[in-house]
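Report on the structure given below.
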Amino acid sequence: MASSDALLPISAREEEPLCPYTRLPMADPNQETHGPRRRRPFKGLLAVSFGLLFIAFYVALIATHDGSRSNDEGIDETETITSRARLAGVSEKRNDGLWKLSGDRNTPAFEWNNSMLSWQRTAFHFQPEQNWMNDPNGPLFYKGWYHFFYQYNPNAAVWGDIVWGHAVSRDLIHWVHLPIAMVADQWYDSNGVWTGSATFLPDGSIVMLYTGSTDKAVQVQNLAYPEDPNDPLLLKWVKFPGNPVLVPPPGILPKDFRDPTTAWKTSEGKWRITIGSKLNKTGISLVYDTIDFKTYEKLDTLLHRVPNTGMWECVDFYPVSKTAGNGLDTSVNGPDVKHIVKASMDDTRFDHYAVGTYFDSNGTWIPDDPTIDVGMTASLRYDYGKFYASKSFYDQNKGRRVLWSWIGESDSEASDVQKGWSSLQGIPRTVVLDTKTGKNLVQWPVEEIKSLRLSSKQFDLEVGPGSVVPVDVGSAAQLDIEAEFEINKESLDKIIGNASVVAEAEEFSCEKSGGSTVRGALGPFGFSVLATESLSEQTPVYFYVAKGKDSELKTFFCTDTSRSSVANDVVKPIYGSVVPVLKGEKLTMRILVDHSIVEAFGQGGRTCITSRVYPTTAIYGAAKLFLFNNALDATVTASFTVWQMNSAFIHPYSDEAVRALSRT
């Protein structure tokens, strides 16, 4: 069992950076990984050569660093910011080229004015005061405060110069920005202090593992800890003198080894972590055991692998209860527990997950349903919209698992530079296994978001086929909508029993079937948010119910951003997927609207969609809300409540701001 005395405090003497404990070749990605774990001896010249190559690589890594950023041997500073990110081996903003490939490619970019750009800044979503942010890092609850760290560029509204931003909150809604937690000041992270995770030791102290990009652009894992464990704000962090604690193992490229997870306890009392990587086109998750977080033993087996999924970033691994609606600490295991493996796919920029079984004895995991394994085309996703690099943590304060995610922009980089900021975080979500289906997760905004609700209006409306109804709620830029829909039973029975109604469930797709304007027998129907009076700009969030070949109904939950803005330098996809609807359930949705972000939750959070939208005229008081039913044959009854939402308290760092937040 790890003892905090072995780690905290670390003596002031300079320790040599540590090599990984295991120097075995990488496991064959085609090898069966669910048998007993066996230590294989090195055999023959191949193994000796592999070991020597690894030692040479490691010696070169340590010996050649000069302790500072290298412009001539590291990243080419003459490259654009975008290519800097790709050269470094991480994802960056990819929208600039996309709109130019659309029908607007021959048209000059839209001319945004300051009023439009100012409106895009959110009121109750977390984002830095200015400049660029991306991945959530090391979220935790400590001494009465929620801590949120994040990838941050303090110098510009584009990716680069990454450090760890830091903010604290009492309730996950109201925040105070704190000074930067960790900067790129060592050779092993001089090209960026990248994504990492926090682990609580048995005595309540904290260790933080994070990826550093070295002065030679090699991805290594590093250890840090609070300078003063008695400081509830955790203002200062100390990097372990022996960093890096892990370097890329044999067979792994220098830029394919990043984003360590929160550690969990094994049955032997060791700590275990997993780190994302790839072998050729196969996405993999490496596994390491440690006792003191300084030295590590690499397991011969992989936690999991899926061919043709590419690089796995920001891997997350955690238990969920099969029977209860509460969250579980990361180390919990047992017969009533399933485990989630989630990976952020560098190739597609989607966060995929699967439900499965974890084997503590050899550190492997298998999915319950191999046909929807992590990263496969048909696999499950946390969110079917703009949602990436997510990170969960166990909130011991309320016994729940909370999920954060980076919500990037869908506009051009030039617009980001003009407005002076880029990206934000989604509203934190609770995440549990859907105990009704046992096959998927359910996500829901944390309960604290309700504290921002102001005035509300309730509606019960019957909406006939082809109808659009204005919903009188005043300005619709900051809303929380909870709605329940029911298709008229007579219409439903008539369509199900009518052989002439085309079975379309197998062919329908939110993304490819034309959006909310394409009419079917039973849909689409829902809300148009951030709409102008004339509907020239609108973002529909809707259900589409399709009849299958067996006359069974299949329900889809979609968001159509194709008409969200008349601007031509914006990517405007149609998002969505099928949503499970059980017998006897009505169709339900919740929508959070906060200026340029729309978060939608179908059927209690079984299917979620986050969108970034940039209207040019549906802003300020001109932003409206509409209810619509574009079905051909069905009447729909909608019962819903709309709340106006207050702004969150998100302030710069000062003693007074911290005191004010302490009083909430």
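Numbers here mean position along the shown chain, with the first residue as 1.
For all residues, glycine too, the Cβ spot is worked out from N, Cα and C.
Between the candidates Asp228, Asp231, Asp346, Swiss-Prot assigns the substrate site shared with Trp132, Met133, Asn134, Asp135, Gln151, Trp159, Trp194, Thr195, Arg258, Asp259, Glu313 to Asp346. Here the candidates are the recorded positions Asp135, Asn280, Cys510, and by Cα distance the one nearest Arg258 (substrate binding site) turns out to be Asp135. Candidate recorded positions: Asn134, Gln151, Asn280, Asn362, Asn498. Fewest other C-beta atoms within 10 angstroms, Asn280. Looking only at Cα atoms, Asn113 (N-linked glycosylation site) sits nearest to Asn134 among the recorded positions Asn134, Asp135, Gln151, Cys510. Of Asn280, Asn362, Asn498, Cys510, Cys558, all annotated as recorded positions, the residue with the shortest Cα distance to Trp132 (substrate binding site) is Cys558. Across the annotated binding residues for substrate (Trp132, Met133, Asn134, Asp135, Gln151, Trp159, Trp194, Thr195, Arg258, Asp259, Glu313, Asp346), the two most widely spaced Cα atoms sit 20 Å apart.
Neighbour counts were taken at the CB atom with a 10 A radius for the disulfide-bonded residues Cys510, Cys558; the maximum falls on Cys558.
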